[in-house]
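J.: After the structure tokens below, expect a handful of questions from me.
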Number of protein chains: 2
Amino acid sequence: MAASASSSFTLSHQTILSHPKTTPATSIVVPVNSKVNGALLLKSRRRRVGGVGRVESRAAVVRAAAVEALETTEKDQVVEKSVNTIRFLAIDAVEKANSGHPGLPMGCAPMGHILYDEVMRYNPKNPYWFNRDRFVLSAGHGCMLQYALLHLAGYDSVTEEDLKTFRQWGSRIPGHPENFETPGVEVTTGPLGQGIANGVGLALAEKHLAARFNKPDAEIIDHYTYVILGDGCQMEGIAQEACSLAGHWGLGKLIAFYDDNHISIDGDTAIAFTESVDQRFEALGWHVIWVKNGNTGYDEIRAAVKEAQSVTDKPTLIKVTTTIGFGSPNKSNSYSVHGSALGAKEVEATRQNLGWPYEPFHVPEEVKKHWSRHTPEGASLEAEWDSKFAEYEKKYPAEAAELKSIITGELPAGWEKALPTYTPETPGDATRNLSQQCLNALAKVLPGLLGGSADLASSNMTLLKMFGDFQKDTPEERNVRFGVREHGMGAICNGIALHSPGFIPYCATFFVFTDYMRGAMRISALSEAGVIYVMTHDSIGLGEDGPTHQPIEHLASFRAMPNILMLRPADGNETAGAYKVAVENRKTPSILALSRQKLPNLPGTSIEGVEKGGYIITDNSSGNKPDVILIGTGSELEIAAKAGDELRKEGKSVRVVSFVSWELFDQQSDEYKESVLPAAVTARVSIEAGTTFGWQKIVGSKGKAIGIDKFGQSAPAGKIYKEYGITAEAVIEAAKSVC
Amino acid sequence: MAASASSSFTLSHQTILSHPKTTPATSIVVPVNSKVNGALLLKSRRRRVGGVGRVESRAAVVRAAAVEALETTEKDQVVEKSVNTIRFLAIDAVEKANSGHPGLPMGCAPMGHILYDEVMRYNPKNPYWFNRDRFVLSAGHGCMLQYALLHLAGYDSVTEEDLKTFRQWGSRIPGHPENFETPGVEVTTGPLGQGIANGVGLALAEKHLAARFNKPDAEIIDHYTYVILGDGCQMEGIAQEACSLAGHWGLGKLIAFYDDNHISIDGDTAIAFTESVDQRFEALGWHVIWVKNGNTGYDEIRAAVKEAQSVTDKPTLIKVTTTIGFGSPNKSNSYSVHGSALGAKEVEATRQNLGWPYEPFHVPEEVKKHWSRHTPEGASLEAEWDSKFAEYEKKYPAEAAELKSIITGELPAGWEKALPTYTPETPGDATRNLSQQCLNALAKVLPGLLGGSADLASSNMTLLKMFGDFQKDTPEERNVRFGVREHGMGAICNGIALHSPGFIPYCATFFVFTDYMRGAMRISALSEAGVIYVMTHDSIGLGEDGPTHQPIEHLASFRAMPNILMLRPADGNETAGAYKVAVENRKTPSILALSRQKLPNLPGTSIEGVEKGGYIITDNSSGNKPDVILIGTGSELEIAAKAGDELRKEGKSVRVVSFVSWELFDQQSDEYKESVLPAAVTARVSIEAGTTFGWQKIVGSKGKAIGIDKFGQSAPAGKIYKEYGITAEAVIEAAKSVC
């Protein structure tokens with residue numbers, strides 16, 4: 001764990017040189033170690049840096065490197081050239097798009113180079129090789145860094161032609177990293193802080209699988225998760241949440257590079273961000289290393305990675321002090337290089353400064369040659385692993401089958417038979433409890449199911465009884481304790497889901513607190529991460545906790561979100577159906593809105609019905625022409641059913657429809673939809689203990705939507721239902737008024 | 001700054017006794033210092049505590065207190081009795097409601113007592129007295145603590161009768177603290193982490209006003225903000241965000257008590273929360289004090305407060321180690337006492353254990369007498385301040401007028417005349433730029449307007465040009481730099497808004513990142529905090545940044561939320577109108593969705609139109625019977641207008657309606673609504689670059705809604721608009737299909 005004395009060192013509070021917040025701009029010489037033309041370029045320009053101390057130490061490193069130059073010239077040259085290739089691919093792509101973020105790739109090119117060229121194990125021709133190291137660019141705006149690296153490494157997803165289409169319609173390399181667009185990109189980042197939290201999820205997945213499947217004679221799971229995050233990520237609360245958990249879990253194979261460049265969009269971070277990040281991460285139980293010269297201190301970076309890998313019981317933060325836009329004589333170290341093209345003039349000046357005589361998008365031959373080894377090496381790595389796994393499979397067939405299911409995402413045949421079914425005679429129960437029955441039934445047949453709650457396990461009913469807690473020393477277990485960290489929880493689950501197709505992570509809190517984690521949930525939807533969100537206490541039905549805890553607008557707000565299934569089951573069969581749908585939809589996340597209160601098992605509900613999204617549970621009409629259609633979801637389906645019974649007693653023909661998932665209903669054929677909601681029947685009443693917003697689509701201009709368009713109240717649930725008019729009487733009255 | 005050696009001490013890493021994570025339950029004697037019956041009760045019971053070290057030090061303090069007992073017996077007795085009164089009021093109210101959280105009030109009663117009885121300055125008969133100290137219970141579930149304290153202190157809002165209605169329909173003391181229900185409660189808490197962030201806002205407000213208005217001869221603003229937060233709050237990212245800013249700003253009058261009881265809902269916090277909170281807060285620039293014995297160490301608590309008050313350049317965290325449910329022999333120090341009534345048997349056992357012979361809800365006479373002084377003292381405090389202010393007003397009439405406006409919320413007469421207006425000839429501009437014109441115009445006339453962006457000031461266009469940055473050493477300025485901390489930003493603005501009615505805080509980020517701050521925005525809506533949310537880059541119109549940055553479902557998701565105005569202005573006049581509405585609605589927050597891209601000033605738009613929510617901008621029909629009604633919002637109103645022009649050329653009578661705010665339109669009379677959207681005209685087409693979810697209400701079953709029901713793309717904006725069919729051609733085609 002001792003760091004190389006000259007290049008990196010273990011952080012100690014006393015020795016940190018603090019970033020001076022108000023140092024006025026001074027003119028100093030910044031040595032740029034560019035040996036491209038056989039000469040050390042020394043370029044003088046005005047810039048604000050972290051005081052003479054920082055610059056001196058950087059210069060010292062440069063000199064130290066020069067001493068060793070005799071032996072390492074050729075290697076150094078190609079590294080330097082590779083690093084500048086990365087910088088200019090980013091510069092050129094952003095310039096061509098006239099849009100993008102050149103500053104980060106220019107500053108992070110050295111660490112990027114070392115990671116992809118010297119440290120990481122991957123197979124460029126199979127980006128999905130299971131035992132690859134994972135890389136996450138949490139500072140996703142700097143995506144040209146990753147695209148340049150994928151290009152050099154030989155990934156087919158980023159050709160020279162692709163680089164020229166950056167940020168254009170139909171491009172395979174969009175404005176922020178998107179796993180569903182670019183093979184080689186593991187997760188979707190851009191919204192700050194998500195990536196580091198995804199990284200925690202990826203590292204959790206590795207630690208879990210390694211503990212569960214590795215054998216003393218067969219270490220088949222063994223890979224690292226590397227993350228680059230910036231000042232923006234560091235300020236986000238989600239990053240704190242996830243990193244606190246990473247420290248708690250002791251995720252030793254998580255190594256995060258903090259691009260410490262002191263610049264964010266509004267300028268110097270000193271205007272809003274003066275905490276000691278190093279000390280905070282120590283408080284979180286991380287190992288912290290500071291690389292003072294991230295611009296040219298390659299050996300410092302290498303030593304830091306080595307040290308980080310040697311610390312196996314803690315995640316490591318490598319703070320790498322860099323210059324944003326390194327190499328740009330007039331824009332580096334300023335916000336102006338963060339999010340805009342440099343402009344032709346400054347591109348030219350940067351070419352001059354870094355001694356780069358090439359055309360845009362050019363990759364020098366020696367750089368190409370240097371990187372070309374990754375294709376055969378990657379193939380070897382995978383082949384080696386394949387034979388290792390073949391051996392494992394022979395020795396441990398049962399474990400291998402489970403692991404294979406997680407690797408491939410192929411669900412075990414007949415898994416859905418594990419789901420419980422219910423009859424109207426089964427005693428009623430809260431759907432949160434029924435959910436726990438489903439989770440526990442599924443855990444027996446789905447090897448990739450794991451998850452937990454944000455400190456509400458006993459309220460959300462999410463504990464898997466056959467397993468213990470996933471903890472630092474028991475990582476093979478499957479109950480994850482997220483603490484009160486909803487946003488981090490969601491993003492960690494995205495990381496788990498995207499680690500391997502067969503992982504089915506679930507996470508839980510009160511439905512109203514989706515407000516805390518919506519950023520992560522939207523990324524689930526966008527990045528096709530099939531996370532299951534177990535959201536209990538789904539309405540005023542939670543009672544006394546009052547309006548801060550009672551969701552009103554949440555069902556509507558998720559129905560409006562693309563590629564996410566909003567499911568609100570009414571009873572046992574529907575809860576089982578919701579799980580069937582959620583497990584099957586591996587590229588679409590599902591939200592299950594579940595009741596705190598007890599609900600009866602209703603006649604007519606079914607798993608198959610749920611799969612259609614909306615379906616008839618009872619009907620006494622004929623010819624698809626009921627007098628009135630009553631539509632309910634979740635806990636209010638019971639009310640609709642009751643009102644239906646009453647109206648039938650009065651001689652009406654009434655259809656009662658469960659509308660458990662709007663998205664699934666939308667996917668059905670027109671014929672099916674007409675069979676449930678015939679256009680000719682405009683007498684429709686819906687009831688749901690939430691906003692009526694959106695229901696007009698279902699009940700039509702002549703129908704009535706019963707719901708709640710104001711905040712809730714603190715009182716026993718039954719009382720609120722009555723006072724808010726969420727009653728069978730209200731449905732009956734509305735039905736009579738429309739038919 | 002030196003702490004009393006025997007009772008509290010400045011934190012040092014070396015001396016912290018860490019909480020043992022896996023100590024098995026051991027049977028030890030816990031001394032309970034109850035002198036009610038003239039005897040020191042020593043009660044033996046099983047509990048898990050932080051090792052013998054902790055217990056010993058607690059016992060030592062108890063012994064130390066006993067030594068001084070001769071001199072302080074009477075005072076000590078009444079304090080002890082008062083503390084137990086608080087405990088039992090909480091126990092009894094939760095018991096009667098059979099719902100609630102007794103654990104926190106029982107553990108925090110000592111610090112609560114000291115705060116309300118010995119430390120805080122307030123006037124119970126005027127909870128809104130301007131210069132009062134503010135108190136926030138961030139761990140809002142423990143609200144019975146605050147209700148008990150308000151009751152003892154003499155607030156009319158919490159009578160004995162009120163205490164008996166806890167968590168019932170129509171009660172003035174709901175299940176979590178709600179400022180709009182209970183005078184004396186400053187903000188609305190319950191969702192964890194919000195309260196501490198509100199506290200940062202309250203303290204910011206004080207620091208700002210003090211710097212701006214205090215004179216060397218007249219310190220008229222001088223109050224503290226006290227917060228109690230628990231382990232749950234500490235885990236939430238929002239707390240980290242807000243506390244990082246509090247340290248950065250050096251909010252010396254913010255004093256937060258961290259109820260360190262090692263228990264959260266899922267059990268011992270050791271299962272998910274093992275970071276060093278103390279070290280983290282030091283990293284954030286806070287002063288940190290540890291009170292080891294929060295259960296009976298009154299002098300420790302007193303000394304800690306004194307020390308905290310003496311540190312004027314940093315906020316202080318007082319970590320107070322307590323026992324949740326203190327006094328309950330069988331449930332204390334366990335999650336079972338967190339969120340459920342104790343039950344009759346355990347209430348009785350607790351009465352025995354703490355020597356409490358009284359009936360439920362009883363306040364002993366000596367306790368009543370002891371607290372009775374707060375009514376006259378509070379009146380004096382306010383009267384003193386009134387005369388101080390009268391003097392100030394004489395000497396500094398201009399400043400006094402400004403301050404008065406902030407204190408009362410009365411807007412300066414004619415303020416709205418400052419809003420700019422535009423004609424179709426005015427060159428087009430992005431509404432984010434027009435927004436900046438409005439903000440800068442309003443800053444000149446609204447003394448309470450202040451705010452900023454989450455590190456996007458230059459993109460959100462939120463800088464007030466006449467002011468500098470609110471910083472530690474320039475707190476009189478009005479541009480607040482929130483860093484990349486959206487959730488914290490929103491909650492801090494809630495605190496500012498609720499500090500004084502005349503504060504008009506605004507905050508900004510990209511519209512899509514409302515996902516990061518929705519928890520705080522919902523609290524704005526619920527707690528009637530008139531924050532202005534300046535949300536730019538409001539659609540696919542932002543272009544290349546791609547789907548992670550392009551809002552789709554966000555307009556709908558806020559239209560579904562109660563008590564929040566979702567405004568999407570189309571041009572200069574509408575942006576001015578949106579600000580007029582936002583400033584006027586002091587009890588309803590507003591969200592302004594603003595374009596990145598340039599938009600023309602359209603004929604027919606007006607401030608008055610915006611105030612109606614929906615209005616006709618052009619119409620060539622007569623008799624309120626157009627052939628078709630085209631409805632647009634924001635950047636798509638231009639498209640609707642263009643389509644209207646084309647259709648008119650083809651001989652159609654076309655009405656073009658701007659639908660800038662659904663909520664405002666809903667508030668209009670039926671006559672007005674009919675005059676804009678006549679029921680007889682079912683040929684309606686809406687266009688909006690967002691989800692169509694909800695639009696069926698406006699366009700009806702026969703109309704068509706043009707929008708985007710999938711995620712966006714990374715490409716130039718114009719290209720995406722075209723590919724996604726958000727065009728005049730699409731409107732024309734749809735119009736022809738419906739009329």
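Note that Cβ sites are derived from N, Cα and C of the backbone, with glycine treated the same way.
Pulled the feature table from TrEMBL, pasting it below:
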- B:Glu486: active site, proton donor (ACT_SITE)
- B:His101, B:His338, B:Arg432, B:Ser459, B:His537, B:Asp545, B:His549, B:Arg596: substrate binding site (BINDING)
- B:His141, B:Gly190, B:Pro191, B:Leu192, B:Gly232, B:Asn261, B:His338, B:Phe513: thiamine diphosphate binding site (BINDING)
- B:Asp231, B:Asn261, B:Ile263: Mg(2+) binding site (BINDING)
- B:429-601: domain 'Transketolase-like pyrimidine-binding' (DOMAIN)
- B:His101: site 'Important for catalytic activity' (SITE)
- B:His338: site 'Important for catalytic activity' (SITE)
J.: What binding-site residues in the list B:His101, B:His338, B:His537, B:Asp545 lie within 10 angstroms of B:Asn261 (thiamine diphosphate binding site), counting C-alpha atoms?
T.: none
J.: Filter the binding-site residues B:His101, B:Ile263, B:His338, B:Arg432, B:Arg596 down to the ones with a Cβ under 8 Å from chain A's Cβ atoms, keeping sequence order.
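T.: Qualifying residues, whose Cβ lies under 8 Å from chain A: none.
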J.: Binding-site residues B:Pro191, B:Gly232, B:Phe513, B:His549, B:Arg596: which have a Cα within 10 Å of the residue listed as 'active site, proton donor'?
T.: B:Phe513
J.: Nearest of the binding-site residues to B:His549 (substrate binding site) by CA-CA distance, picking from B:His141, B:Gly190, B:Pro191, B:Asp231, B:Ile263?
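T.: Nearest in space to B:His549 (substrate binding site), counting only the binding-site residues, is B:Pro191.
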J.: Work out the three-state DSSP category of B:Ile263 (Mg(2+) binding site).
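T.: Reduced to three states, the DSSP call for B:Ile263 (Mg(2+) binding site) is strand.
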J.: What's the CA-CA gap between B:Asp231 (Mg(2+) binding site) and B:Arg596 (substrate binding site) in angstrom, rounded?
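T.: About 41 Å separates the two Cα atoms.
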J.: Checking the contact step here: among the binding-site residues B:Pro191, B:Gly232, B:His338, B:Arg432, B:His537, B:Asp545, which have a Cα within 10 Å of the Cα of B:Ile263 (Mg(2+) binding site)?
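T.: Of everything listed, what lies within 10 Å of B:Ile263 (Mg(2+) binding site) (Cα to Cα) is B:Gly232, B:His338.
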J.: An 8 Å radius from the center of the B:Asp231, B:Asn261, B:Ile263 Cβ atoms defines the neighbourhood of the Mg(2+) site; name the other residues of that chain inside it, in order.
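T.: Close Cβ neighbours, site residues excluded: B:Gly230, B:Asp259, B:Asp260, B:His262, B:Ser264, B:Thr269, B:Ile324, B:His338.
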J.: How many Å separate the Cα atoms of B:His141 (thiamine diphosphate binding site) and B:His101 (substrate binding site)?
T.: 6
J.: Out of the binding-site residues listed (B:Gly190, B:Pro191, B:Leu192, B:Gly232, B:Phe513), which are within 10 Å of B:His101 (substrate binding site), Cα to Cα?
T.: none
J.: Per DSSP, B:His338 (substrate binding site) is which: helix, strand or coil?
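T.: Looking at the DSSP assignment, B:His338 (substrate binding site) belongs to neither helix nor strand, so coil.
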J.: How big is the Cα-to-Cα gap, in Å, between B:Leu192 (thiamine diphosphate binding site) and B:Ser459 (substrate binding site)?
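T.: Between the Cα atoms of B:Leu192 (thiamine diphosphate binding site) and B:Ser459 (substrate binding site), the distance comes to 31 Å.
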J.: Sequence gap of 6 or more, C-beta under 8 Å: which same-chain residues meet both conditions with respect to B:Gly232 (thiamine diphosphate binding site)?
T.: B:Ala139, B:Leu192, B:Gly193, B:Ser264, B:Ile265
J.: Radius 10 Å, atoms counted are CB only; among the binding-site residues B:His101, B:His338, which position scores highest?
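T.: The residue with the most neighbouring Cβ atoms within 10 Å is B:His101.
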J.: If you draw a 10 Å sphere on the Cβ of B:Gly190 (thiamine diphosphate binding site), how many other Cβ atoms land inside?
T.: 26
